[in-house]
Amino acid sequence: MSPQTETKASVGFKAGLKEYKLTYYTPQYETKDTDILAAFRVTPQPGVPPEEAGAAVAAESSTGTWTTVWTDGLTSLDRYKGRCYHIEPVPGEKDQYICYAAYPLDLFEEGSVTNMFTSIVGNVFGFKALRALRLEDLRIPVAYVKTFQGPPHGIQVERDKLNKYGRPLLGCTIKPKLGLSAKNYGRAVYECLRGGLDFTKDDENVNSQPFMRWRDRFLFCAEAIYKSQAETGEIKGHYLNATAGTCEEMIKRAIFARELGVPMLMHDYLTGGFTANTSLAHYCRDNGLLLHIHRAMHAVIDRQKNHGMHFRVLAKALRLSGGDHIHSGTVVGKLEGERDITLGFVDLLRDDFIEKDRSRGIYFTQDWVSLPGVIPVASGGIHVWHMPALTEIFGDDSVLQFGGGTLGHPWGNAPGAVANRVAVEACVKARNEGRDLAAEGNAIIREACKWSPELAAACEVWKEIKFEFPAMD
């Protein structure tokens, strides 16, 4: 058959290029409750209309490709295509637009964050028609949420397991993060836990290196947990990092942790990957282990203001994939985080239902339909003087994690832990009495110093420490 011969499949098919906006820009479209909705910050190349840029994003992240193909006639594009349904300029920014896209639920595999991201952000970010592209937010429909297990246990179950109520939980990342032997590492864990912390933590890059193999670390940390529990009468935990080079190795480490009887594990969910994270979350629920999540590599994805993906999207993805804690920024420490925006995604982690609120960066109303909540972890350059602000900003359902702010105490790890425990209990007591932590925070800490020499020493060491740098971008 010659190339010019007409076949039934080619009837009505016209080869060649067609503008994306003719098919994928549909401003009259009314979104469905079952659609996944996305808000993209789009910066088109010069000469590319915003309608064409928005349509290109919707097309390339769903059914479209660069040319017309005859196999379009073998399916229903109206049923399966993504749609750019609304475009608005970004106030104060030149040639930037928020383009809203809707995706039919049938495009996505049930219970798979991996597939969701592969579709929505997997290919389109390298598109030549765009100078920059950032995914600002997603609306996950109830029908899709219900296909996920979510966090292994959630906030209330964790508090019940730990028998700890009415205050933020306290943690500490063991430093130096690399180079300690397993025995010395376990000793540092023990000192922090016996001093009054609830948790200690492996740093994100502690896996199984020559200086400290994972099995040795797990054993010495378990010993530290049991010894500190016996001395204090409180339930303690250490985030044992199970992240590994393969899923099989990760699960092997999780099984060993369960056999030791420790309460929790840890995973680096972005470097480890969503498939591995979801597998570990399922294992943790089935075996009664809490799961702490570190967001190592997040700033590679979310730091730029006009390209990449906002952390609120990564936070939503984590709640679907599964984790009981996740690092969320501090607002007050050494790592970047604006207060209103940070509290916006903190609510997305903890609450069942969150209303649209653009002032906090929330583009869509999100209903989690009883999916368990995730505890935000404030960590990075914080110390006892930050305690009133952290307690006021994050509330009780949070983990306040002081690494250098514990281990840097001039008297040692245990006194550093005592200082943090005294500070948080003083702040909670003052708050419960009706005092204003924002206005009276420093006075509250100074009052507590009178009956805690450990806190007084910590306050003296860190009284001048600030992490303030002018924004350059």
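Cβ atoms are placed via backbone N, Cα and C, with glycine included.
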Say Swiss-Prot lists N123, T173, K177, R295, H327 as binding substrate: which of S62, S379, S398 is in the same site, per that record?
-> S379
What is the interatomic distance between the Cα atoms of T173 (substrate binding site) and K201 (Mg(2+) binding site), given in whole Å?
-> 5
R295 (substrate binding site): tally of other CB atoms within 10 A of its CB | 23
Secondary structure at K201 (Mg(2+) binding site) (DSSP, helix/strand/coil)?
-> strand
Indicate the candidate from K177, K201 with the smallest number of other Cβ atoms within 10 Å of its Cβ, considering only these binding-site residues.
-> K177
Determine, to the nearest whole angstrom, how far the Cα atom of N123 (substrate binding site) is from the Cα atom of D203 (Mg(2+) binding site).
-> 32
